[in-house]
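Novice: Quick one: this structure, given as structure tokens, is what I'll be asking you about.
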Amino acid sequence: MEYRPDIDGLRAVAILFVLFFHAGFKCIPSGFVGVDVFFVISGFLITRIIHSSLQKGSFSFIDFYNRRLWRLQPIFIGLIITTLLLTLIFYLPEDLLQYSKSARKTSLFISNVFFENATKGYFAPNINQLPLLHTWSLSIEWQCYLILPVVIYLLHRMVAPKNISQVIYLLTVLFFVLALCLSVKEPTKTYFQLSSRIFEFLMGSCIVFSANRFAFNKIFLDLLNAVALLCLFYIATHNQVNAGFPNGYAFVLCLATATLIASGSLAQKPIIIRLLSIKPLVFIGLLSYSLYVWHWPVFVFIRYMGIEETPTVLLLALTLVFIIAYFSWRFIEKPARKLHKLSLGYTLTFLFIVPVLLLHLSDYELRKHEGFPERFKEMGLINAQLKNYAYPQRVQCLQEKNIEVNNQCMLGATNADSKKGFLFGDSHANHLWGFMDNLARAANISILAHSTVSCLSLPGVQQYDWNKEVYAACHEQVKRYYAMIQANHYDFVILGQNWDGYLNNRLIPSEPVELVKKRIEKGLDKALQIIIASGSKPVLIKSIAVHDTYNCFLHHIKHRKKYEPQQCDFNMGASWQDDLFSRMQNKYAQLIIIDPRKVQCPQGKCIAEIKGIPVFRDSGHINDYASFHLASRYLHDYKNPLI
């Protein structure tokens, strides 16, 4: 089959988009679309191979899958071995267990499903410690390999040759419509879903069945190809593409890619096709698979180890990626392709079954030994203390969906004669579970506690979620909370929020910060009126002081260095919540205000650890150990505000 250097040139453009995007280059804010270019290319090449073989009567599923396995799996296995060794050395126990689980799912070609459920989406802020995140696209590719060859084979057997192209066109349109529907219905999950990506492979298939059907003027072709290439660059350099992706932008991108691929099959090559065929681009294209496999782990380990991403560091990282990719291509990828004539049984055993079994066995051992915390001197003590003070039910009582409140979410006193309370808000109410449990037990109050992730729980206020989509579940939960308050007449109603976290373009409609503050104050005033009218005593909890002390504290453990006392402590900054709560206090004399910062930040200096145990469990929330001990200090230094 004729070699197409322009396709390798197109691969080069795609991989450079991805590399620059993951490196954090602001000039390519949507470089992730390079993966979609790869999908169209894959759809074209797979379909061309199968279609040509079927026409010759030489197609074999065994040969097809043998070639695919020897093309993709050797480097993938190298990736797994390398990242497993690196995570065993550098990753903290909890992170190692997360990696191991992802490796297990990746080996089964379902990492896209795993990451869909394990993250808040591909663009979530919590993805930079997942070395195998990029394998979601390899899983999609394999899933398509299991479907597309069968579809093409059946079409050849069941549909008249002249009608095959029409069926492919129809399927492409139908799956694109499905992708658009999912883009609206599940905007944060659709990115990882096979059903949202099938149309991209099919657009590649369309090229095979449309070849040489159209004849265009050379000038028109040059112009068309220039526009197609400009579309790729425009979308890759354009912001706001990711919402609900793959979306309309994906269709335009795939259409532009298909145009370039189709033009490359013409006898008279347009200028852009000749440009894509220049040797430097072709060489990068030949390395594209190895570049894709190895680049993301390099960036992940840099970020995980807290190495500052200066221009020099990024340049060195990219250089390292190209060096690794070259040797990977030269000594693994190229030699492995020659082994495709081995029996499928041997291939499956060596490239699939054995790696899957070994990864499942290693995952079992890692879980059995809780990530081998003894690899780090302090982790044994830290994990033991965190486990001793953990509140398992707390996690179950923080939701991001519109669901009924679980009546088992109780904290505080368990006496039959205890007073009743209701604690609600966002995750900043939830992370104070131990704090409020301690105070409530001392005051003989039994508290029903329920929180909604990143939800400003004030009446009449609507907001976006972190992905800039309307947060309908939050709005419905807030209505449920206030209906409960009005119906149940609790003795205490306690509201905790990340009060500063909703000032920056979170509310609907988006407004300047000063107007947002007024809206929040109006909503809080209304909330207090509802609480007081129900006969309850209102309690507001101030947000804790937040700083990235979590990563600061863990830095010395990862690097196996000694922790210097107070090296991660930080100064408490001013917060607008103080003035807000002061005005509410002046207006409502019965209002109780609890400020955990009194003990978190004595004399304005906020602590990062308590007796060698970190205060934070992530960059914005304290752990259960700290929550409990801060309450103990509060009760020691101040009067219990609930009595």
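The backbone N, Cα and C atoms fix where each Cβ goes, glycine too.
A TrEMBL annotation is a machine prediction, not a hand-curated record.
For reference, TrEMBL lists these features for the protein:
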type: DOMAIN; residues: 6-328; note: domain 'Acyltransferase 3'
type: TRANSMEM; residues: 7-25; note: transmembrane segment
type: TRANSMEM; residues: 31-51; note: transmembrane segment
type: TRANSMEM; residues: 72-92; note: transmembrane segment
type: TRANSMEM; residues: 136-155; note: transmembrane segment
type: TRANSMEM; residues: 167-185; note: transmembrane segment
type: TRANSMEM; residues: 191-212; note: transmembrane segment
type: TRANSMEM; residues: 219-236; note: transmembrane segment
type: TRANSMEM; residues: 248-268; note: transmembrane segment
type: TRANSMEM; residues: 280-302; note: transmembrane segment
type: TRANSMEM; residues: 314-332; note: transmembrane segment
type: TRANSMEM; residues: 344-362; note: transmembrane segment
type: DOMAIN; residues: 397-634; note: domain 'SGNH'
Novice: Three or more CB pairs closer than 8 Å, sequence separation of 6 or more: does that hold for the transmembrane segment (248-268) against the transmembrane segment (280-302)?
Specialist: no
Novice: Per the definition of 3+ C-beta pairs under 8 A with sequence separation of 6 or more, do the transmembrane segment (280-302) and the transmembrane segment (344-362) touch?
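Specialist: Counting Cβ pairs under 8 Å, fewer than 3, so no.
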Novice: Counting only residues 6+ away from its ends, which parts of the chain sit with a Cβ under 8 Å from the transmembrane segment (314-332)?
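Specialist: For the transmembrane segment (314-332), the far contacts come to 19, 23-24, 74-75, 78, 286-287, 289-291, 293-295, 298-299, 302.
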Novice: What residues in the same chain, six or more past the boundaries of the transmembrane segment (344-362), come closer than 8 Å to it by Cβ-Cβ distance?
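Specialist: Sequence-distant neighbours of the transmembrane segment (344-362): 62, 65-66, 69-70, 73-74, 77, 80, 84, 100, 103-104, 107-108.
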Novice: Does the transmembrane segment (7-25) reach the transmembrane segment (219-236), going by 3 or more CB pairs under 8 Å (6 or more apart in sequence)?
Specialist: yes
